[in-house]
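**Q** When I checked TrEMBL for this same protein, it listed these features:
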type    : residues                                                                                          : note
BINDING : A:Ser98, A:Phe129, A:Pro130, A:Thr131, A:Asp132, A:Asp201, A:His204, A:Tyr226, A:Trp256, A:Thr282 : pyridoxal 5'-phosphate binding site
MOD_RES : A:Lys227                                                                                          : N6-(pyridoxal phosphate)lysine
Number of protein chains: 2
Amino acid sequence: MITLEQCRVWDQADELAALRQQFDLPDGIIYLDGNSLGVLPRSAMSRAQDVIRREWGADLINSWNKAGWWSLPVRLGDHVAPLVGAGAGEIVVTDTASLNLFKVLANAVRIQNSRHPEKKIILAERDAFPTDLYMIQGLIELLDQGYALQLLDEPGDLATAVTEQTAVVVLSHVNYRTGYLYDMEAVTGLVHAHDALIIWDLCHSIGAVPMNLKAADADFAIGCTYKYLNGGPGAPAMLWANPRHHGALWQPLSGWWGHARPFDMSTEFVPATGIRSFLCGTQPIVSMSLIACGVDIFRQTDMQIIRSKSLRLTDLFIQLVEQECAGLDMMLITPLDHQHRGSHVSFRHPQGYAVLQALIARGVIGDYREPEVMRFGVTPLYLGYSDIWHAVQNLKAVLQDREWDQDRFRVRGLVT
Amino acid sequence: MITLEQCRVWDQADELAALRQQFDLPDGIIYLDGNSLGVLPRSAMSRAQDVIRREWGADLINSWNKAGWWSLPVRLGDHVAPLVGAGAGEIVVTDTASLNLFKVLANAVRIQNSRHPEKKIILAERDAFPTDLYMIQGLIELLDQGYALQLLDEPGDLATAVTEQTAVVVLSHVNYRTGYLYDMEAVTGLVHAHDALIIWDLCHSIGAVPMNLKAADADFAIGCTYKYLNGGPGAPAMLWANPRHHGALWQPLSGWWGHARPFDMSTEFVPATGIRSFLCGTQPIVSMSLIACGVDIFRQTDMQIIRSKSLRLTDLFIQLVEQECAGLDMMLITPLDHQHRGSHVSFRHPQGYAVLQALIARGVIGDYREPEVMRFGVTPLYLGYSDIWHAVQNLKAVLQDREWDQDRFRVRGLVT
């Protein structure tokens, strides 16, 4: 039997506990949705004030040089790089994860077309974060060159799904719904063994699980900064290309910021060398400047320590649901195996949507994803063991007392 | 002879003078670069604090519904619409102007391909804002379907340049360098007479000159929010499609926010109906939320009043340069004809770059564009007649005393 007292003992011994003070968390809330929108770092407000008052208001156009707006996408990329096993000058932070996927996919398709023009399959998961599938479909339709999207039903089918027809594989490192975590190095090796290229979507793993893009020898990666990294709502996304590909970088969203010499104002697009060629148009400086506030907190610890606590917290969540909610229709869909678990746990329940709304009404914030899935994100920087205890106690009350069985919990918001 | 006293009389009678108090302008500066980066509205800081503290920090993920993040791109579009002669539900604010050009160009090319597949020319100006040319080149290269970019040398050549081969014409409503203003209605008519479609780039005209996209029957338009609209550095851009095309909207950057029912999490992309189909990925909410602060100030007056003062200010600038700087190598490249002048004036000078740096050292902020061009933006909401007087007096001093002839004024910044 796990008890609240035991959770408190673990909290006392938690070496990450002090970092919680660097976030501005709302009172009376247990926030288990950092996998969707990270919380507010305390330093973000003063950073925003400085960017707005000094960089924009006082220094105006001079801030392109003086405040370094010009180099911000690359500087932020270097800041994020240690979290994903990338080097300096290998990442830009720019645009959105969806757009960045479009860019690297166009690049990967072009590389493959020059080497293996007969390869026409882009392989992705049926259970991919849907926007990835939509962007792949958009590029395939625009290209109109016979490419086709093949959908993988289960991670276990990957070894047989990748064939000599496969040009590019797009996978979520951690699945947004189930929390399934791929072995990046093994899968990259499998994909390369078939002369295919791999694009990793890190949206649900960056800042959540350790990874080493270079050691895995991956080809491209894209990811959010506003989930586990706490960069702020809709903050621009990251994009990584293996330096191995730097001689063959190309992308069609060729805007001024990706030009080799943008202030020559020449009529011909000449791409910048290296990762800067993935930049396009002018970036939202205020939102972008806040990203560093979240990433700074990660730099006070390391991803192995975060991972260790993350697994203890997800284990605890799973064990407490078994212990406290047995017989109440909660069905775990997240892998029990640590090797294949990200940093969120998901359960199906026949009334998943209403259960989750009832839980939110009690101040425990998770989110819902079709079909019937309740997701609970675990963020070691600002969550403790007792938080998990109280979350599950609230869940137990909602289920035992059928609190969910009210019309008000069945009303769907515009965004679910 | 125009005198400072005369300018002060005009300032006294200026019905827009009071609006200057709604901006936070740095002391001791005359800012003539609002055509590149607009100034800070006083309301932006409290808006940012509210978005960061309440919407992000306190309400977190719930803000998608509660704070209306979900509808923000369309609500901002409706807010901007009256400034460009568009109706409700016709504009979204999202992504960057470069990306939005890519989207509407892909849409226009597809429409033309279904009607006139033999048309393969995309016509744009040699003197277009370069990123427009780069995005056109990127799409042409990606499509690889025989499209070609034809460059127009002079606005006067347009009537002969548009032919039966022309599929799409992309023009800047106001030229970023010269300030040349096209007659939107006449040019749209000319383009349509050749069964071509027109995309207007409004980056240097939105909030600067009145326009009526619907009366002109234009096809598509894109534009910045961070120049004359004072939306903040790199704030997301606007995109308009004529409702006439709403049955044929399509764009390849098909991300989740443009899906008809994104929370169904379906594997197939089904575009939203109407203008929302031009949305793609998650937007930078903090930057985006500040756009309304700038646009709100426009709504306290109207574009005809702004235009009237803009022309008086650019006339004054030109006349004062003639009066005060005669024989000092200033060569006007902006049209004298009001019908063809936007809201900035540009001069060539053999030492344009150094002259401009010397002027900036005196607190008069303009900007420089190759070759040899000094640009001075005129923004009636926060500039008065005396400001123009003092700007030209400083210019005169820089030129007469050859203040520009110092090494420190020849050093180029990363961004010019």
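All residue numbers here begin at 1 and follow the chain in the order shown.
Glycine is treated like the rest: Cβ placed from N, Cα and C.
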**Q** Whole-number Å distance between the CA of A:Trp256 (pyridoxal 5'-phosphate binding site) and the CA of the residue listed as 'N6-(pyridoxal phosphate)lysine'?
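**A** Cα-Cα distance, A:Trp256 (pyridoxal 5'-phosphate binding site) to the residue listed as 'N6-(pyridoxal phosphate)lysine': 29 Å.
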**Q** Short of 8 angstroms on C-beta distance to chain B, which of the listed recorded positions (A:Asp132, A:His204, A:Lys227) are there?
**A** none
**Q** Can you tell me how many other Cβ atoms are located within 10 Å of the Cβ belonging to A:Trp256 (pyridoxal 5'-phosphate binding site)?
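**A** Excluding its own Cβ, the number within 10 Å is 23.
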**Q** Which of these binding-site residues is closest to the residue listed as 'N6-(pyridoxal phosphate)lysine' if you go by CA atoms: A:Ser98, A:Asp132, A:His204?
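**A** Of the binding-site residues A:Ser98, A:Asp132, A:His204, A:His204 has its Cα closest to that of the residue listed as 'N6-(pyridoxal phosphate)lysine'.
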**Q** Validating a neighbour-count step here. Other CB atoms within 10 A of the CB of A:Pro130 (pyridoxal 5'-phosphate binding site): how many?
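**A** Result for A:Pro130 (pyridoxal 5'-phosphate binding site): 20 neighbouring Cβ atoms inside 10 Å.
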**Q** Just counting, how many other CB atoms are there within 10 A of the CB of the residue listed as 'N6-(pyridoxal phosphate)lysine'?
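**A** 29, counting other Cβ atoms within 10 Å of the residue listed as 'N6-(pyridoxal phosphate)lysine'.
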